[in-house]
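Feature annotation from TrEMBL assigns transmembrane segment to A:12-32, A:44-64, A:70-90, A:102-123, A:129-148, A:169-190, A:222-243, A:255-282, A:294-316.
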């Protein structure tokens, strides 16, 4: 923080953010209840929330850590299957208030364990190996989910037929509470010394290491966190869609998430949020151009890399306190108060 | 069929797919050696080559020889074009940008061919035909033999090109140290384009051989082939030409072994598991050199 800068004190800042978020939740849910937002649009909003979690969590590994995991859909799949199997087992016995958070947690934890197993060997190596290992991992997960039933001898994932009749527990409210929590946790960690260590690895790994930062530890930490949140998003997705099929979690899906991150700006949370929103909503309203979607995505990747390699938002991050800083100073110093910009 | 002849025919199957992997792996390895880029689009160049051959032979009704030449020429051209259009503007960018661009190109090729040619697979007419012959009691497929001979020949030619010609010397110099090579009067851009051309021509040969082994062309055929060839390149030691060959044959034989054991649904999983094990135990691969990073 710049010396002499008198911004909004921290608790107030957090209160403003939380308040705005609650307003957003209340407004959207009451609009849904009042049928102003149709059920169809509400579904899209939930999907946007899930994609925001995916994009923000991949951004943690790509934008902030500077690695390129290509198996994000694999982590999502692991989380989705773990939580779906759990939810199917306990939906009749446990109250929803308990089983839902537990399901999300289990999805996240299982994905995190896989992230740890993959991350330990992959992150010891420099260069592009992480991309390859995670890519291989995504494919292995897909093969396992398709064929595991014949090995263990009973029906667990139902292979290519798909895991059906998963309780559709995901609601708008839990999705966006998760979005909020994920964004908050990632933001808070990035502002801490651990986050600065992660950022320093992105800037220059050798320099970071020579400053005494345990690069393997921090790389693994960021990577496992990224996997955890992907697992949470997967769990939400399982409860949202109600049927899981391994082919939906292929390399294609990983690339879709990557496009969101790259387009929004690697290292910008608001960029990921915006591009996840736009790239989820736009195809829904442009259904007739669906065949061109992936062509446009792939061209976007190349064009963005050539002309604006940092993505649309770069590393710029939205900060309410920066926006409200000036008006707050006037307000507290007794000067003329000015209406502050909203988000 | 006796156990012996089963082993021999599986061996030939493995060597056949292995030599295709080796050809494709060579392209990965050469490009990685020279600009440190995992050229994700390499597998899709093969797919484009297969479609070119299909168009020439089925739509235009031309003889297979024209199809083969057109496929190889088309792949070469496409490789150079991709390098010029997408990779050369990024020569000074971080490697992450380059990698993302390569993924973008790969997806672009896959989706644009899906748009133009349709998502379904196109049946390939036979490109290489000849009668199978017998080795003792075992019948050996003519196509397998041609595949193995052609790829071994291409590898010998490539080794000659890299070791004995002036351009090859330039390629080795650029991969050693781009800046110093430029100071010695080597045209870096030309050398890199040439590398892409050679790698893509090998991919074109690979496309023809792949289509003779599995006679169909589909938009996504290149991605899995490319990924496995990449695993082969890593296994052999990325950046090393003999390594790519060894890796390719190893992966091909391993796949044949897994299929022979009746576990063919796990084939892809096993290949990627090998990749992870290799990176864990010996990240530089069988023939790779340890590259010291300078600050």
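Cβ atoms here come from the backbone N, Cα and C positions, even for glycine.
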Spell out yes or no: are there three or more C-beta pairs under 8 angstroms between the transmembrane segment (A:255-282) and the transmembrane segment (A:102-123), with each pair 6 or more apart in sequence?
no
Okay, the transmembrane segment (A:169-190) and the transmembrane segment (A:129-148): do they have at least three CB pairs under 8 Å, pairs separated by 6 or more?
no
Can we call the transmembrane segment (A:12-32) and the transmembrane segment (A:222-243) in contact, meaning three or more C-beta pairs below 8 angstroms at a sequence separation of 6+?
no
The transmembrane segment (A:169-190): which same-chain residues, six or more beyond its ends, come within Cβ distance under 8 Å?
21, 24-25, 28-29, 32, 42, 45-46, 49-50, 52-53, 56-57, 60, 64, 87, 91, 96, 99-100, 103-104, 196, 198-199, 225, 229, 232-233, 236-240, 269, 273
Does the transmembrane segment (A:44-64) reach the transmembrane segment (A:102-123), going by 3 or more CB pairs under 8 Å (6 or more apart in sequence)?
no
In the same chain, who gets a Cβ under 8 Å from the transmembrane segment (A:102-123) while lying at least 6 residues past its ends?
67, 71, 74-76, 78-80, 82-83, 86-87, 90, 94, 129-130, 133-134, 137, 141, 169, 174, 178, 216, 219-220, 223-232, 234-236, 238-239
